[in-house]
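Chemist: One structure is given below, represented as structure tokens, and several questions about it will come after.
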There are 2 protein chains.
Amino acid sequence: MATRTRTLRLERGERVQAVCVLGSRLTIDINGAAPTEAQWFSMRHSQNIDAEICNSDTSKMKVINGEKLWSLESGTVMELSMNTPSTEANDGKVTIAYYGPGADTPIDKAGVYLTGVEISLDVDADRDGIVEKNNPNKASWTWGPKGQGAILLVNCDKDSPVSRMRDGDDDIVFGQKDLEDMSPMVLRTRGPEKLPKGYHLLLHITASNSDKIAVFLYQNKMYSHVLGRSKLHYKLRYTGTNEKEFFVEGLCFPDATFPGLVSVSVSLLETLMEGIPEAPIYTDMVTFRMSPLIITPNILEPVEVFVCSVKDNYLFLKEIKSLVSEAHYKISICFEYVNRGDRWMQDEMEFGYIEAPHKGFPVVLDSPRDGGLKDFPIKELLRADFGYVAKTALCSDVSSLDSFGNLEVSPPVTANGKEYPLGRIIIGTSFPTTNGRRMAKVVRDFLYAQQVQPPVELYTDWLLVGHVDEIMTFVPAPDRKGFRLLLASPRACFQLFEQKKKEGHGDAAMFQGLETKRYTISKILSTDTLRQENAYVQRCIDWNRDILKQELGLTEEDIIDIPALFMLEKNEKNGKAANGNALNGKAVSFFPNMVNMIVLGNELGVPKPYGPIIKETCCLEQNIRSVLLPLDLKCTFIDDIVSYHQKLGEVHCGTNVRRKSFAFKWWNMVL
Amino acid sequence: MATRTRTLRLERGERVQAVCVLGSRLTIDINGAAPTEAQWFSMRHSQNIDAEICNSDTSKMKVINGEKLWSLESGTVMELSMNTPSTEANDGKVTIAYYGPGADTPIDKAGVYLTGVEISLDVDADRDGIVEKNNPNKASWTWGPKGQGAILLVNCDKDSPVSRMRDGDDDIVFGQKDLEDMSPMVLRTRGPEKLPKGYHLLLHITASNSDKIAVFLYQNKMYSHVLGRSKLHYKLRYTGTNEKEFFVEGLCFPDATFPGLVSVSVSLLETLMEGIPEAPIYTDMVTFRMSPLIITPNILEPVEVFVCSVKDNYLFLKEIKSLVSEAHYKISICFEYVNRGDRWMQDEMEFGYIEAPHKGFPVVLDSPRDGGLKDFPIKELLRADFGYVAKTALCSDVSSLDSFGNLEVSPPVTANGKEYPLGRIIIGTSFPTTNGRRMAKVVRDFLYAQQVQPPVELYTDWLLVGHVDEIMTFVPAPDRKGFRLLLASPRACFQLFEQKKKEGHGDAAMFQGLETKRYTISKILSTDTLRQENAYVQRCIDWNRDILKQELGLTEEDIIDIPALFMLEKNEKNGKAANGNALNGKAVSFFPNMVNMIVLGNELGVPKPYGPIIKETCCLEQNIRSVLLPLDLKCTFIDDIVSYHQKLGEVHCGTNVRRKSFAFKWWNMVL
């Protein structure tokens, strides 16, 4: 509500006082103080004032005794503005002299004393990491490389080693590191040392923004919390030409009811009368957008791999450790006293980051799934420059589809003419036409509200566990779009097995060396239920394939089918997916599901499929190796059959990877 | 989530069945059913199918025994679509024959039986009042004269004389009149009488839309409620070439959490397997926007004037009746057994209307202010083709600023390069910098959510009652923008009185014939507190004047200052504004406030100001008459001093006017 043109009233025979903020205008009705008989008027003003007479017939102008006279007509107004800040109060002067019909001497006078001040609330609206002076676009916010408007981080890390809260959860500043997570804001004033009596500056925010941001003032080497929560305004003394330093921290991520924009205003208040609210006569505003949480896809470089140590996964852990250390990444093991027997590291959390031009840091998104790993993200990950945000829901609203094995993100894509430089989030849900399981509304709303990675919804409720990572993954590729989509494919598995049978290997058996029922290739090919169930699974996957092609702009060449077999469970099972839903006829993997892999650059940790051994080689391993080798991808097969597969998960479900940020800045997106 | 390209899998040696919806495509991997040794393939298809081979090297094509052979390469796919609906199931045929290196006779075959159907969910997406066929833009919704997308009315009237609920509050259709308030929707199908087994049609809505709309199906001369509330989907039998008639009613106005768009989809479901959710293989969608509530400004032609009869307003009532009947409008008097002594007809409700291309009707918006008139809108106004919507709030959140004397709307304006063809809502509030009274969030949110009349917020908390109608009104004008803004002006009053004093009428007295203290012009001009208080009031009004000029794009020539005087009340008063707030120093009218008038075309019912009598004429009456007469506006002065003015309101507060709709259609706005 920036009022840039203001009405000022003259008093006949007097000189009224007013403060004029540079960049604003005053409109003055010349008739307002004119004696009834006045027909002409003259106007003089000091050099620091720009004045213009409007709605006077200039053809009637005349000069009498060296004085230029305007014709006074109904509607004649004067517009004033100041071109430099005053050096002392009231150093701008305007004098109007009124003349009667004779126009020889003035019959009355009226005048204005003006004090010019410059007021500018400044932020880094051009997004170069530096607060500039009075950016004309600072009040609004636009996307894109030419976009303008400042950026805030949700101060969701914890710079104090002793605090149990995130930095944004209290109203104090914990040293330099905490400040760096905030966006600087400067209030610049220029003008005389003192203003005429009755003027104040007020910094203010709206009630709806009060739980979204906190503003700290740096003064006398102290940081005071001046706006936020119950503080909607903060009165500032005007102290002449000055710069006041503020720091703004974000408190809330964009969400269903918060689009992400917050504004801070400064107003110059004028006391109209004692005991009455002061009127804002000039308002300057800056607008910030909260950085969204950006989820990192597989193709970004890994930083740190997370995995649980539980009582029965020693060998798995050893193989993962060896893979990670060979690839020279960091590994973090979550021990049993923290994970309480919960091995599903993928499902408890998702890694992402937030970013502003001056700063960015990783953030862990804690899922509403609260297993044994419940406290791991907040207790073990939240720290200085490592943020934390949780989405919680009522127990009754949480299903297996809320585990973050069901939350992935594609590499950058272009689809239907739209660019997605940060990729698109991929989540699994039910058909819109059924009453099946869905991700909790609170999580879906949050993911959609981040805006920069618009979600694609797949149909995964046909799976017992119901996660997108059971049917797909993305791997980096040196050619084409820079990646391939790997899709689990019963069809590809049957084709492979048929070919092997034709080559005389019908007796080659799966699951060798395991205490499970052995299946030969011929047996699998001739088991009707397996055939039928996998035909159904293939159609479910094809349905998702069609959506992924359309929503990510993929062609057949961008997709690689990875052999997989599923079977339908007729009854609810114990374990990971035991969530109380009716699970009749939902699909689980028949053998370790190779697409459920960990992707570490060119190194892939693939669930060891225990496929039919032909010439001492597993033909499934050989198949996936042969299709991925041309892409310079190296497969390491990791035995997860007892420790994960039989508990309805695989390598991907049991691990999590923190990755580097995108080089692309999210604010450069064109939405 | 309309999937228009679908993957279909061949079976070697078999002919698979599929339904193909016209407008969609099937992609078929030719390699999928190819024997290992196949190098060539031929393809034949029936005339109702369009087929294309992709990713085959056409330079290698050859003709053997009259058969055209394509080279089979990895990635070779066939794209199929159907050009006409089938006359019987499976009447579309495609045959692929595979050839080995020799390419003389086929070594294997695969094929497809296709059934073509046309499915279209149709609405009036081009907004001409008629449901058209398969409008390509029906799934989205755009504003403007070239905009597309259907429109819904909130079925908030009451067509049943016996029901106590609004039509949309139940799930039944009350005859033809109720149907007319709904938007027609037609499901058109073309194809064979029967589809292959396992296909169904499903009409469906999302859970978040289930409380926003109801869908009724007309069948066997009955209307059944098929979607809405707990009903998210409705299964339909496919019955060949057919048109099914539906009627859609809106249940909710746009609001803070509901932007106003709702969609209905139809999907063709395919049974993949017994006992498993059916997969949607084709989805068609239509989108409706709920008509916003449009408030009618003063310049629209009146239809009906509402006024209360209370024990002490007999003369006022008589004068209003005479004014309305002279102007040939309808008058409705609300008697005491209904109004229970509450005379503030303006404050309890606001009139507006909703509109769709096929229908529109007036709607009363019931304010959260619940005085004696509380039940008047729902009991006396709600009826057939007269809608009702209430905004309620917690008592503690309701202030005098929630009365609808504080809700007005401007005539159509253009400001800052933006057109507002339906005007802008004007509400009074506090400075953003203070903790003063504000309109309840629930009302403000509602007004903003209607979108088509974006609110302008004035500062009115300085007034004891705090309503915008205490300082301004709009009157029609034959020139310029078609209207003038009238603003209450202490300045204009002092100027007038000074002139009259100079003309020798300093002894002329106000309030003649009343049992109140008499004030002469000289006395008023020399009373310092009155001078000071009105200087303050003038500045408050000027602050609003500057906002109105900016936000409505007005110039000085569009504004007329109407003489008014205010005084500041030091203590809380009984009466209309007794709402528990601290009211120290808030302004009330000193004499009946002329801008608080009723506008009936060119006839204005103006509060009789009881101004100083000069030559047997009230100089205030004469002043307003003389400035409005050139605009062809006739002032009738109505004595409200005892019955309204002394209770802190005037003519406008005591009346309400239902007006005709705008000729301009809201959906033609460019937002």
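Yeah, the Cβs are placed from backbone N, Cα and C, and that goes for glycine too.
Pulled from TrEMBL, these are the listed features:
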type     : residues  : note
DOMAIN   : A:4-115   : domain 'Protein-arginine deiminase (PAD) N-terminal'
DOMAIN   : A:117-270 : domain 'Protein-arginine deiminase (PAD) central'
DOMAIN   : A:281-668 : domain 'Protein-arginine deiminase C-terminal'
ACT_SITE : A:Asp347  : active site
ACT_SITE : A:His467  : active site
ACT_SITE : A:Asp469  : active site
ACT_SITE : A:Cys653  : active site
Chemist: To the nearest Å, how far is the Cα of A:Cys653 (active site) from the Cα of A:His467 (active site)?
Modeler: 9
Chemist: 10 Å Cβ neighbour count around A:His467 (active site)?
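Modeler: Result for A:His467 (active site): 30 other Cβ atoms within 10 Å.
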Chemist: Near chain B, which of the active-site residues A:Asp347, A:His467, A:Asp469, A:Cys653 can you find when the cut-off is a Cβ distance under 8 Å?
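Modeler: From A:Asp347, A:His467, A:Asp469, A:Cys653, none lies near chain B.
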Chemist: Quick check: in three-state DSSP terms, what is A:Cys653 (active site)?
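Modeler: Once the DSSP labels are grouped into three classes, A:Cys653 (active site) ends up as coil.
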Chemist: How do the residues of the domain 'Protein-arginine deiminase (PAD) N-terminal' (A:4-115) split into helix, strand and coil according to DSSP?
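Modeler: Helix/strand/coil tally for the domain 'Protein-arginine deiminase (PAD) N-terminal' (A:4-115): 7 helix, 60 strand, 45 coil.
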Chemist: Across all the protein chains here, work out how many other Cβ atoms are within 10 Å of the Cβ of A:Asp347 (active site).
Modeler: 27
Chemist: I need the CA-to-CA distance for A:His467 (active site) versus A:Asp347 (active site), whole Å please.
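Modeler: For A:His467 (active site) versus A:Asp347 (active site), the Cα atoms are 10 Å apart.
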Chemist: Work out how many Å separate A:Asp347 (active site) and A:Asp469 (active site) at their Cα atoms, rounded off.
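Modeler: Their Cα atoms are separated by 10 Å.
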Chemist: Using DSSP with the three-state reduction, classify A:Asp347 (active site) as helix, strand or coil.
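Modeler: A:Asp347 (active site) sits in a helix per DSSP.
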Chemist: For A:Asp469 (active site), what residues in its own chain, 6 or more apart in sequence, show a Cβ-Cβ distance under 8 Å?
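Modeler: Listed in sequence order: A:Gln346, A:Gly405, A:Asn406, A:Glu408, A:Val595, A:Asn596, A:His652, A:Cys653.
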Chemist: Return one of helix, strand or coil for A:His467 (active site), based on DSSP.
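Modeler: A:His467 (active site) sits in coil per DSSP, no helix or strand.
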Chemist: Summarise the model's confidence over the domain 'Protein-arginine deiminase (PAD) N-terminal' (A:4-115) as a mean pLDDT value.
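Modeler: Computed over the domain 'Protein-arginine deiminase (PAD) N-terminal' (A:4-115), the mean pLDDT is 92 on the 0 to 100 scale.
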